[in-house]
Amino acid sequence: MGKKIDNPESSAKVSDAEEEEEEYAVEKIIDRRVRKGKVEYYLKWKGYPETENTWEPENNLDCQDLIQQYEASRKDEEKSAASKKDRPSSSAKAKETQGRASSSTSTASKRKSEEPTAPSGNKSKRTTDAEQDTIPVSGSTGFDRGLEAEKILGASDNNGRLTFLIQFKGVDQAEMVPSSVANEKIPRMVIHFYEERLSWYSDNED
């Protein structure tokens, strides 16, 4: 927009030397850019809508006060932005610390789970060598999975808890099953297991 020439009288009455320039007042500077090596400012003109804003070269402007104020404000904003970028916020530091702590805890837990469990010594008495290849007693048994028991291979007193080593059909590994479950699911097989291991003694009386 810059400066416009206003000719209130006709050109016939006024010569070129007498042409008068009417300067438009700058309300505020909105933005700044460098184009082809020259600094230009995006101006809001006083008394005109935003749609009339224009880019004007610095050397065409006569509003040094507004330019100085805008440049000072722009430098302050740049310093503030640089300061925030260089120094992360306390919340970001806290999240980073928390993340490291969580990672350390996770690593420690993983290492602990990978460590072999120490042997329990002679707390449990094993009656057969087949227990070396057994599935330990857990919350679920082969019965819970719908398997059919084929044979009781042995029994074990595990910390005062009687368990049976049961071979299920279609499964390679035998499984330790609590006696309470076996007594309910396969009572006849349990009785047969005991009968096979009973020794009968008779006293010969003269």
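Counting begins at 1 with the first residue displayed.
Keep in mind that glycine also has a Cβ here, set from the backbone N, Cα and C atoms.
Database features (Swiss-Prot):
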type	residues	note
REGION	1-24	region 'Disordered'
DOMAIN	24-82	domain 'Chromo 1'
SITE	Tyr24	site 'Histone H3K9me2 binding'
SITE	Trp45	site 'Histone H3K9me2 binding'
REGION	47-145	region 'Disordered'
SITE	Tyr48	site 'Histone H3K9me2 binding'
REGION	95-206	region 'Binds to Su(var)39'
DOMAIN	147-205	domain 'Chromo 2'
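Take the CB of Trp45 (site 'Histone H3K9me2 binding') and look out to 10 A: across all protein chains shown you find 17 other CB atoms. For Tyr24 (site 'Histone H3K9me2 binding') paired with Tyr48 (site 'Histone H3K9me2 binding'), the C-alpha to C-alpha distance reads 10 Å. Along the domain 'Chromo 2' (147-205), the predicted structure has mean pLDDT 85. Across the domain 'Chromo 1' (24-82), DSSP assigns 25 helix, 22 strand, 12 coil.
Counting only residues at least six positions away in the same chain, the Cβ atoms of Tyr24 sit under 8 Å from the Cβ of Tyr48 (site 'Histone H3K9me2 binding').
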